[in-house]
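These come from TrEMBL:
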ACT_SITE  71  active site, proton acceptor
BINDING   20, 21, 22, 67, 92, 107, 226, 254  shikimate binding site
BINDING   83, 131, 132, 133, 134, 135, 224, 247  NADP(+) binding site
DOMAIN    12-94  domain 'Shikimate dehydrogenase substrate binding N-terminal'
DOMAIN    122-198  domain 'Quinate/shikimate 5-dehydrogenase/glutamyl-tRNA reductase'
Ligand code: ATR
């Protein structure tokens, strides 16, 4: 990378931000298509969010990814919000279009595209989502937009599960209910089981959001965690020969969509995967 007076600046804002893989992904992507651009991370506290967004315009930063905890709050500072971002109520990608700040959400398409790439059929299926945070909302919206028949949302905090299920019912017209983790014991089978909690993520790699007895009911298990590559939940699925997927493809796909919004180009996913492998992020 050769930084000079003409280098375009991109980045990510969030808090904390130290573990983000986005700088590695986007810098590798810029290099792969010979763009004179650099991507850096900005640790932005809640009280500085407005100034940070104004700074995008003032400094002529070309594009920004937004992560936890700013995805919802950032919306009020933007000049335009895409329909998809409005629907999900969160922005993860900002494009500075000649001083006009445009907000997009690439989490939903990142998720649905990964299902499509692996030929997972969603139409007419019954899904169970574990978790009710921001990522769970993107997954629930994604499943709803791709024709899921019903969704059950199980979450530690019952109130958050209720809020998300009401949101999906009212805004997407999908049969969606909130349940407890205990309720899952009553189910006979689960077409699609998605973990969108942080349970099982490094360093707590021996934890699983549900027991093996629940995992075996699933016909397909998706864990959006990518570190470790195979969570305890996915090990249960493997043990019982159940199709499964980790969160790596969703990460790469949402990054690629942001890259496309900024540059008009797709990046080569294999090049990015190899870069991450070299850095030991992916085994
Ligand atoms: P994100 O934007 O990644 O979804 P989040 O909004 O903090 O992040 O959501 C994290 C999810 O993991 C939530 O569903 C959370 O459950 P609560 O809403 O009850 O907090 C879930 N989660 C995190 N730690 C958990 C744990 N130890 N047991 C069960 N669920 C957990």
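Yeah, the Cβs are placed from backbone N, Cα and C, and that goes for glycine too.
Neighbour counts were taken as the number of other C-beta atoms within 10 angstroms of each residue's C-beta; across the binding-site residues 21, 132, 135, 224, the minimum falls on 21. Non-local contacts of residue 107 (shikimate binding site) by the CB criterion (under 8 A, 6+ apart in sequence, same chain) comprise 88, 90, 92, 135, 138, 142, 250, 254. Ranked by CA distance from residue 247 (NADP(+) binding site), the recorded positions 67, 71, 226 have 226 at the top as the closest. For ligand 1, the recorded positions lying close by, meaning a CB under 6 A from one of its atoms, are 133, 134, 135; the full candidate list was 21, 71, 133, 134, 135, 226. Cβ neighbour density within 10 Å is lowest for 20 among the binding-site residues 20, 22, 67, 254.
Within the same chain, the residues at least 6 positions away from residue 71 (active site, proton acceptor) whose Cβ sits under 8 Å from its Cβ are 90, 91, 92, 134, listed in sequence order. Here the Cα atom of residue 21 (shikimate binding site) is found 15 Å from that of residue 224 (NADP(+) binding site).
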